[in-house]
């Protein structure tokens, strides 16, 4: 249990997708103007990551990993071992795209206001670097199915936390006297950098 809790906390604070690895920054900067919209997109990312990471883990270990199909094909010679890992990227993107399409249809039917607010950025989750990055890290870390579920959900919550914090700060900055040369993306980049420095302080925690 402690092992899974350690993974969960690390993915939220120490290995935050947005503020530690700077993944998914295009959506992070574009949709962080309002807290309500940021929360909606954040929840969508949590759902997609919570499903995409373990789903791709199952597919990778069962089909794509080197030697995964050897027993099924009756191969005993290591020289003839089947390795489909070169199909990982396109397979991962396909799974993510399918999950995003399902989520998009559900939001359109049950939460039309949120669907309209997210606009083009909802289908762009398909190519969100944070989603693909978490799946790639899952393979690199060789996580089990249980670890993948925790890692996916934790990564999503970490990204959601970052975008909601950014949206809250940007809403407050509307009432601030920002220099003309820094208005818009200028002050937003500076704010994101300062937030990243803040999250760096969690790096000293040993889990």
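Using the three backbone atoms N, Cα and C, a Cβ is placed for every residue, glycine included.
Quick look at what Swiss-Prot annotates:
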type     : residues : note
TRANSMEM : 11-31    : transmembrane segment
TRANSMEM : 35-55    : transmembrane segment
TRANSMEM : 86-106   : transmembrane segment
TRANSMEM : 120-140  : transmembrane segment
TRANSMEM : 149-169  : transmembrane segment
TRANSMEM : 185-205  : transmembrane segment
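Against the transmembrane segment (35-55), stretch 120-140 shows more Cβ pairs under 8 Å than any other of 86-106, 120-140, 185-205. With a cut-off of 8 Å between Cβ atoms, the residues of this chain six or more beyond the transmembrane segment (185-205) that come close are 13-14, 16, 19-20, 22, 25, 28-29, 32, 162, 165-166, 169-170, 173, 178.
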